[in-house]
Amino acid sequence: MAFIRVTDLDLAGKRVFIRADMNVPVKDGKVTSDARITASMRTIEHCMRAGAKVMVTSHLGRPTEGEFKEEDSLKPVVDVIAQKLGKNVRLIREWTEGGFDVANGELVVLENCRVNKGEKKNVDETAKKYAALCDVFVMDAFGTAHRAEASTHGIAKFAPTAAAGILLTEELDALAKALANPARPMVAIVGGSKVSTKLTVLEALSEKVDQLVVGGGIANTFLAAMGKNVGKSLCEHDLIPTAKTLIEKMAARGASIPIAVDVVCGKKFDANEPAVLKSADEVADDDMIFDIGPKSAQELADIIAKAGTIVWNGPVGVFEFDQFGEGTKTVSMAIANAPGFSLAGGGDTIAAIQKYDIYDKVSYISTAGGAFLEYLEGKVLPAVAILEERAQG
C-alpha cells in the first residue's frame, strides 16, 4: 500500500489536522475506557514534538447533525488528553469556519465532528471548510476508515497534503502482513452469534486460510450442517446449505473447517446455569450449546500452535460466564503462546484478551470493529483508498 506517512513529513510550523478515533465509552461525564485515546496519542505527540500547530477531532456517539448537546461533547476526552500531556488543552466548539489560532507545538481539540452539517454525507462544501484549516491532513482513525465521511474522506481530497497517522499505518501494515502475504499455515478464528452477520467474512477467509475455525452461535450452524443435533441452541437453519458449501469448498482444496467433537451445554442462558459436558453426538433436544469441550479446544490449540498466521475475530463460547469460558480461554492461551503472527480484532475478542490478560502476547490487536471486518472481507476502505490516490499525486 503506497500512502504518505506522517512520520515522513516535515511538520514544523505547519497546521496539522488529525482525524482520530476517540469514540470512547463515557459515563457521568467521565471516560470509562481510554484505550482508543491512548492509541491516538502517539500521532498527536509526534506532531506536537515536530513543532506543528496541531488540531485533532473525533466523533463521539451518535449526535444529531447541526444540534450540539452537552452529552455529545468531547470534553471528557479532552480531560483525559490533558492528563496524559500534563497540560491544559483547549476545546474549540465552533471550528468549521476557523477563527482560532494554534501555536507551534500546541494541541487543540475540535468538538465532535459528527455534529457538523454535511459530515456523515461527506458533503464537499463541509470537507473543503475542514481542508482550509490545515496544511496537512492526517487520517489516524482506522475504526472509521470504512466510512466515507467529510472528516475521513472528503478532507483528504482537498487538503494540500493527506497522510496516514502512526496508528493507521500500523493497522494497515499488520493487516497486510496477515492477509496479503501470510506465513503458512494460516488459521482464522471467526466467532459470534450469527453466520448471517459474518457470512462475507467467512466466505472471503474460506478462500485464503488453511483452517477456518468457527465459534459461538456460528459453530452450531456448522454442527447442524454435519447432521448433528444442536437442540435449542442458537442456530440459523436457513444457512445450513451455505455452511455445507463452505465445508465442501474448503475440503476440495485441502483446507478444513474443524468441527467440535465435544460441547458444553446448559438448559438456559444464565450466569448460574450448570455446565454439562457432552459428546457432540449426544446433544438433547432441550440442550443449548454454550461452549466447545476440552477435546475440541485442545484440537484447536494444536492447530494454532503450528500456525504461521492467526487471524482472530470472536470467541468460541459464552466466555462471559466462566463455566462456559474454558474453550475461549484455551484458544486465547494457545494464541498467546503461539510462535506465529497473530492479529486480533473486534470488541468481544478484545474483551477476551483483557479477561485472560494476554494483551502483550498477541502480535497485533486492531482497535477497529467494522473496518477490521470489512478489510477481512476484502472490501476497499474509502478513507485508505483516498490516501493512496493522493500519494500518487
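From the backbone N, Cα and C atoms, a Cβ is placed for every residue, glycine too.
For the substrate site, Swiss-Prot gives Asp21, Met22, Asn23, Arg36, His59, Leu60, Gly61, Arg62, Arg147; the one candidate out of Arg93, Arg114, Arg184 that the record lists there too is Arg114.
For the ATP site, Swiss-Prot records Lys198, Gly346, Gly347, Asp348, Thr349, and the single candidate of Glu171, Glu320, Glu326 listed with them is Glu320. Counting other Cβ atoms within 10 Å of each Cβ, the lowest count among the binding-site residues Gly61, Gly346, Gly347 belongs to Gly347. Thr349 (ATP binding site) carries a helical DSSP state (H, G or I). The separation of Asn23 (substrate binding site) from Glu320 (ATP binding site), Cα to Cα, is 24 Å. If you measure from the Cα atom of Arg114 (substrate binding site) to that of Gly347 (ATP binding site), you get 22 Å.
Here Gly346 (ATP binding site) is compared against the binding-site residues Asn23, His59, Gly61, and the shortest C-alpha distance is to Asn23.
In sequence order, Arg36, Ala39, Ser40, Ser58, Asp140, Ala141, Phe142, Gly143, Thr144, Thr367, Ala368 make up the list of same-chain residues 6 or more apart from Asp21 (substrate binding site) whose Cβ falls under 8 Å from its Cβ.
Rounded to a whole number, the distance between the Cα atoms of His59 (substrate binding site) and Lys198 (ATP binding site) is 26 Å.
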